[in-house]
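Undergrad: Let me begin by handing over the structure; questions about it come next.
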Amino acid sequence: MYREFKKSLGQNFLVDNHFIQMIFERIHIDQNSELLEIGPGDGKLTQELIKLEIPLKLIELDQELIGILQKKFGENKHVEIIEGDILKIDFNTISNSNLILLGNLPYNISSQIILRLLESNSNFKYAVFLIQKELAERFIPQEKKSTKISLQAKFFADIEPLFNIPPTAFQPIPKVTSTLVKIVPHSNKYDFKKYEALKEILTVCFSKPRKQLVNPMKKLFSELPEFSFKLTSRAEDLALDDYFEILSKYEQ
């Protein structure tokens, strides 16, 4: 491309039209839908999104790219270009139940963006994000092995992998494969007021995720109560409901 990529912003642009079209085909809208694209880059996916003719917000931090986006889409009545850092923007000021979030997220802050979105407890319809495959596997662990981040996310939403995209589809070419994931928030499945306390429990239990739980549990309880699971289990063996059981007894 004609511009330098900024490593500090984690810029790896998706340039393969085949995969851009595959992502576009995963977006399902109705007459009330609105779109928010995080980090649109030079607007290759945006070019497809404007065909939907629904409200579209673009959030971009790179001023040079904002200039490119203004030239391409500034006159489009459906498009609003916002200069800002997605890690500082209050999601609750821009989200609603009709909002669909999209983005090829910078590898270096993908987990922060997703957790910040979920932990804001903001209202949105669903999100479709392109992230590093390794991170996707942490959010969606295989063989029923939990991770701390997967349990944090599961408190708020269901996450599913859609398909992988090879490094050669990007410019500059990264060293890793990417995965497109879909995030669908729960509708009041869990009490949001319990989240911070649950996160503290997870932090203690996952301090040594492959060790038996009996030792971290001693940091939480002066006398260990009875649980429905064995304390010889590891943190990665427990499901979210098991951690709610720990929290419930911790609060007694």
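These residue numbers are counts, starting from 1, taken along the chain as shown.
Including glycine, each Cβ sits where the backbone N, Cα and C put it.
Quick paste from TrEMBL:
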| type | residues | note |
| --- | --- | --- |
| BINDING | Asn12, Leu14, Gly39, Glu60, Asp85, Asn104 | S-adenosyl-L-methionine binding site |
| DOMAIN | 19-187 | domain 'Ribosomal RNA adenine methylase transferase N-terminal' |
Undergrad: Please give the greatest C-alpha separation between any two of the S-adenosyl-L-methionine-binding residues Asn12, Leu14, Gly39, Glu60, Asp85, Asn104, in angstrom, as a whole number.
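TA: Between the most distant Cα atoms of the S-adenosyl-L-methionine site, 20 Å.
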Undergrad: Other than its own, how many Cβ atoms are within 10 Å of the Cβ belonging to Asn104 (S-adenosyl-L-methionine binding site)?
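TA: That number is 27.
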Undergrad: Roughly where does the domain 'Ribosomal RNA adenine methylase transferase N-terminal' (19-187) sit in mean pLDDT, to the nearest integer?
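TA: It averages 96.
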Undergrad: Tell me the coarse DSSP state (helix, strand, coil) of Asn12 (S-adenosyl-L-methionine binding site).
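TA: It is coil.
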Undergrad: Around the Cβ of Glu60 (S-adenosyl-L-methionine binding site), how many other Cβ atoms lie within 10 Å? Please give the count over every shown protein chain.
TA: 25
